[in-house]
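The structure appears below as structure tokens.
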């Protein structure tokens, strides 16, 4: 009898515990004040819409349509008599009424769309203008003898690589940026990256070669200029620039500073996103840029000082004719300086950002867009500068438009009609200062400028 009474008492105790658990669970829906609950087995309570889902593979909480995968909330949970019990100590996990929230308009997506359209438009126009302009420069040089001078040989080298950038590199850059994928295989992508960086080195070195040519022509003697420059020698100078550009790219080709290929961060074929690739930009390309800038600035500063000294000599000695002949070369040197100044103004911000913030952490995206546009717009601006400053290119472009095989000469200036004869005796007019300058001394022979 004692054992039966003990069993009956144990059964009654178990039923009593179950009644307490069920009652406690049913009373949760009527709670209004935040408090700590020790037991929970909630599927749907009064005036609430909260679901608790427990899967066999893990715990995933669905609360008003949102997922929470933090299993640390259920560290003190246990299973008792087919009832999941847990100890929640966060008063924030209250059961709240379901509310419908209207999503806000996706302003970021609209801004991104506008930015993409502007991005494609700017680079597309740059590609078209650069392709047409540089192709016209190359055709004018090949077709017209008047354009084929020593200086223009160096301009031809710049135009060839600007054409490669505007006709090939920029379209592929737009395609890879829009799709986020490389345009071709690994070897082809590495070759595209080589062309992109090699064209930059050619622009810098060609400007340095033009500055050296102007320095020799203006400052040094005519014999020195003829000894250093000529049609064949100008071509050899261009070949030397190609060799120097290849040597500059050699660390990237052999893999000393990164490697050429797909950059997954920038979404373009240039240098791969290896850590050493940043060293190539900072130690090689940036050094080439600033060294070239200093050398060219030194050449043009020396030319300026020489021209200023010559101008003072002209003011003191009107009959010094060699200084008069060099004025045409000085004018052309000034036009070449415009090309140099435009190039370094457009590409220097890219070099600065590449050194200061190579990972693009602190630079806004809009600033990156403007700097990239300035860098690639250099290929489109150069033909415009040639047309504006150089007379032979301007005449060559007019002949190309009119499909002429020879350059159209400028119309001769208007000649006044013969003066009426006068019966008065002829009186010789005194020589003016200009006539005296032209008559003084033998003139310097013209050379190819």
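Using the three backbone atoms N, Cα and C, a Cβ is placed for every residue, glycine included.
Per TrEMBL, the feature compositional bias 'Polar residues' maps to 421-441.
Among the features that TrEMBL reports, domain 'G-protein coupled receptors family 1 profile' is placed at 133-386. Over the domain 'G-protein coupled receptors family 1 profile' (133-386), the average per-residue pLDDT in this prediction is 87.
For 408-449, the entry in TrEMBL reads region 'Disordered'.
Residues annotated as signal peptide in TrEMBL: 1-25.
Residues or ranges marked as transmembrane segment in TrEMBL: 117-142 (among others). Same-chain residues lying 6 or more positions outside the transmembrane segment (117-142) and placing a CB less than 8 Å from one of its CB atoms are 148, 152-153, 155-156, 159-160, 162-163, 165-167, 170-171, 173-174, 177-178, 369, 373, 376-377, 379-380, 382-384, 386, 393, 396-397, 399-400.
Sequence annotations record features per position, and here TrEMBL assigns transmembrane segment to 154-174 (among others).
The transmembrane segment annotation in TrEMBL covers 194-213 (among others).
If you look up TrEMBL, you'll see 234-260 (among others) marked as transmembrane segment.
The transmembrane segment annotation in TrEMBL covers 280-301 (among others). Panel annotation: around the transmembrane segment (280-301), residues 197, 200-201, 204-205, 207-208, 211-212, 214-215, 248, 251-252, 257-258, 271, 333, 337, 340, 344, 347-348, 351, 354-355, 358 of the same chain, lying at least six beyond its termini, place a Cβ under 8 Å from a Cβ of the stretch.
Positions annotated as transmembrane segment by TrEMBL: 336-354 (among others).
According to TrEMBL, the feature transmembrane segment maps to 366-388 (among others).
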Run the contact check on the transmembrane segment (366-388) against the transmembrane segment (154-174): 3 or more C-beta pairs under 8 Å, excluding pairs closer than 6 in sequence. yes
Take a look at 154-174, 194-213, 336-354 and tell me which one has the most Cβ pairs under 8 Å to the transmembrane segment (234-260). 194-213
